[in-house]
Each structure stands twice: as structure tokens, then as C-alpha cells.
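Colleague: Okay, so Swiss-Prot annotates it like this:
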type	residues	note
DOMAIN	2-73	domain 'KRAB'
ZN_FING	78-100	zinc finger
ZN_FING	106-128	zinc finger
ZN_FING	134-156	zinc finger
ZN_FING	162-184	zinc finger
ZN_FING	190-212	zinc finger
ZN_FING	246-268	zinc finger
ZN_FING	302-324	zinc finger
ZN_FING	330-352	zinc finger
ZN_FING	386-408	zinc finger
ZN_FING	410-432	zinc finger
ZN_FING	438-460	zinc finger
ZN_FING	466-488	zinc finger
Amino acid sequence: MLSFWDVAIDFSPEERECLEPDQWDLYRDVMLENYSHLDFLGLALSKPFLVTFLEQRQGPWDVKRQAAAAVHPGKTVNKCKDFSKAFFCKSLLTQHQRIRTGEKAFKCEECGKAFNNRSNLSEHKRIHTGEKPYKCEECGKAFRIRSKLSTHQRVHTGEKPYKCEECGKAFNSHSNLSEHKRIHTGEKPYKCEECGKAFSTRSTYYRHQKNHTGKKPYKCEECAKEFSYPSLLKVHQRIHSAEKSYKCEECGKPFYCPLLLKKHQIIHSAEKPYKCAECGKAFHYPSLLKRHQRIHAGKKPCKCKDCDRAFYSSAFLKRHQRIHSEENSYKCGECGKRFCSFPHLQYHQRFHSGEKPYKCEQCGKTFSTLSYLPWHKLRHSGEKSYKCEKCGKMFYSTLDLKKHQKIHEYKCGECHYGFPNYAALTAHQRVHTGEKPHVCEQCGKDFSRIDSLNQHQLVHTGEKPYKCEKCGKCFYRSSSLKRHQGIHS
């Protein structure tokens, strides 16, 4: 026969101790409802003592204490000597005291890590066993810890109960809110002992530490590139498979992972909360503001050891350094030019092949990269909705406007000519100073730009990498090939 305890919610003493007042209200309502159903069916032979307490409708914490007393009759309250907190279970008092003293009596036999209670040790052991007992019914994703599943389920419901008082942004977990708050406070509690660099989140700190160890155990079978994390390898492998599953609804641009899509979508929103105090320019991300501020300070802290070239950020330096490394760079088989990433090499190779796989259905114009196509399509609408606040000039897209705005930002003090980036401005300023730092080892001729030197060196090698498909004539420069192709058209 069905009894009350067959349908009751059976909490362990530890679980009961952790319930909040509103959770106890829910617990009480469900327990009483279950009992009323049994009573209606004539299956409740006698009223359990716990139900009697719950029917008194006392405050949830009174119910909690009395319910615990009902389940464990005759047990006295166990009180912490140093603090006023009391526990019905002695095991909970012991666990509480270990937290205060820092004692960690439960040790993992696999790796030696110690914990102050058995449940934390059990959760930790699942790292070694790979066990993930808590599964999401919505998407099938599994978790080691029940609380992680609860946080994950908010992704499906859209619930974000934790709100930042500073900017109003909401989060699905308290830990994410705590990490976000550090943007406002500037707090960086995780410091690298190796180089002294500090981080606001534990995950970025751990990721950084792998730079010092140099360990990259996850290798791409396609191009032999190595990664510190399996997730990074997985994202990278989509480059080879051309799989871009995550598409922006605003402009149609596809991405390899949801994180990149989310980051991209901020561009479409008008919100730019991070403003430069020096010039008033606003940014979507704090990292972009920090990098921009180095322009005003004239700082380029990240210097290349191989060629003395300096950069505003370590990301730009790392990308540049691949050019010097034969192992990590991507070499063009046609002209020998090296690139820091595989997509850059692919894009470059289309100059040799003349391939333009992305076609506009409206006018038939073709493009070598997919990113140009959505912006081109805006020109057919005839609308120029984006206005430059500096000069009033109108543009079809935010991309065109941003490209134009850089001309106002990077201006030559000598002739007031504008440039799209700092590197182009620096190269131009050498026209006024007469500086030519790039010298040809073959003939001693010097150049103001590195790309001019690279093109000049083809004269010595006799190499003409740019070939006309119509007549077979070869050229040193892509610009010369384009000019020549006008003869055939």
C-alpha cells in the first residue's frame, strides 16, 4: 500500500540545512498537498508528526528547526563556540568548524587535493572518473554538480536573476555577476607569479599560465597547429571544414562558435559604454578602450624580439611573431610570402588564382571574401543611413563609416592627410622625415615600407608571382597585373 513517505520529498540533513526560506515554503506546500491527496484516497492511515508541524504554518526557519527535530527526535542543538550559528546535526557543526579552521580532512587519492567535507570530495572525484550524473532534459548536456545544471537550465528559460546595480546588466549565475562587477571596480585578484600580470577571472588566469608552460597537447591533424585546450582545437577545426553554424540575423555573417557571434552582435547595437576620457571615443568592449588609450600615451609595450617592431597589444604581437617562425606560419606556395593565420593565407592565394567565389545576385559582382558581400548589398538599397559626426559624410554601412572615421583619427600633423590606421600614418610620416629603415641586402637600396622592400626583392630573384590567365604574362606586383587586365576587358 502507498504511504506518505513513498510520495514525500526526502531531503538529507545537509540538504535541509541549505534550503532558503522561500524554498522551505515550497517544500511545505508540496508535502501538505501530497498528504491531502493520500487522505482523499483513504491511504493516510495516521497523520505523520512532520505534517502536523507543517500545518501550523509557522515561519520557514521555525518549521525548519522543528521539522529537523521531528525527523531526529531527542537530538539537542549543536552550537559553534566561536560563532552563534547552531546546527541540529553534529556532522553539520563539524563541517562548519572545518571551514572556520581551514581543516581539510578529506583527501583525493588520485591527485592529493584535500577538502573540508565528503560531498565536495565526491564531486571532485568525478573529474577523474568523468562521471556527469546531472543531465539537462532540454539539450542533453551533462554536469558533474547539480548546481551547475540549475545554472545551465537558465540558458533555456532565459532567466537572469542576478543584476548589476552599476549598469543594469543581468546574469544567470552569481559567479558571472561577481566577475562582471570587476570591470567596474578594476579588481584583478588572480596574479601570475611568473610575470606579475593580473586577471579579473580565474579562467583567464589559468589560460594565461599555459603560455609560460608552453604545453599545447591538442594538435590539429589537418595543419599540425597545436592548442592548449580541446575547445580551441574544436573551434579551429571548423576553419578546415568551412563549418560556420552560428549566423548573425542582422547582417548574415557566419561564425565558428556562439561566443564570437555574441561578441559580433554588440557591433550592431548602439550601446558603447566604455568611453575614452581623452578624446570621447566610445567602445563596445573594455579591452578595446584599453588598447585605444595606448595611442594617446604613445605606448607600444609589446615588442618583437626578431625585428624590433612594437605593438599596442600582445594579441597583435603574437600574430606578428608567427611570420618569423617557419613552423607556426603559413607560407604561400606561389610567392613564398608568410602569413600568421590560415584564413589570411587562403585570402591571399585568391590573388594568384583570381578566385572570387562570393557573388552578388543583384548585379553579378564577385568577391574574394564572404564578409564583403553583405556590405556590398547595402549599396543596392540606395540608402546612406550612417553619418560621420566629424564631417557629415554619409555611408551605406557601419563598416564604411568606421573605415572613414579612422581618417579623422590618424591624421598627419605635417600635411593633415588622413589614414585608416596608425601603421599607415607612421609609414607616411617617413615621407616628411626621409627615414628609410628597410634596406635591401642585395643592392643596398632602402625603403620606407617593408612591403615595398619585399616587392623590390622580386627583381633580384626574377620571380613574377602575378600571372594573367588570359595571355600568360607575369608581373612583380598585383597592381601591375590589374592594370594589365584592363587591356583584355
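Each Cβ is built from the backbone N, Cα and C atoms, and glycine gets one as well.
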Colleague: Checking distant contacts: for the zinc finger (302-324), what same-chain residues at least six beyond its ends satisfy Cβ-Cβ under 8 A?
Modeller: 291, 294-295, 330, 338-341
Colleague: List, by number or range, the same-chain residues at least 6 past the zinc finger (466-488) whose CB is under 8 A from its CB atoms?
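Modeller: Beyond its ends, the zinc finger (466-488) has Cβ neighbours at 351-352, 354, 455, 458-459.
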Colleague: By a Cβ-Cβ criterion of under 8 Å, what residues six or more beyond either terminus of the zinc finger (246-268) are in contact with it?
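Modeller: Same-chain contacts beyond the flanks: 235, 238-239, 284-285, 370-371, 374-375, 398.
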Colleague: So which residues does the zinc finger (190-212) touch in its own chain, when a touch means Cβ under 8 Å and the partner is 6 or more beyond its ends?
Modeller: 179, 182-183, 228-229
Colleague: Can you tell me the mean pLDDT for the zinc finger (134-156)?
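Modeller: Residues in the zinc finger (134-156) carry a mean pLDDT of 85 in this prediction.
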Colleague: Please list, for the zinc finger (330-352), how many residues fall into helix, strand and coil according to DSSP.
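Modeller: Counting residues per DSSP class in the zinc finger (330-352), I get 11 helix, 4 strand, 8 coil.
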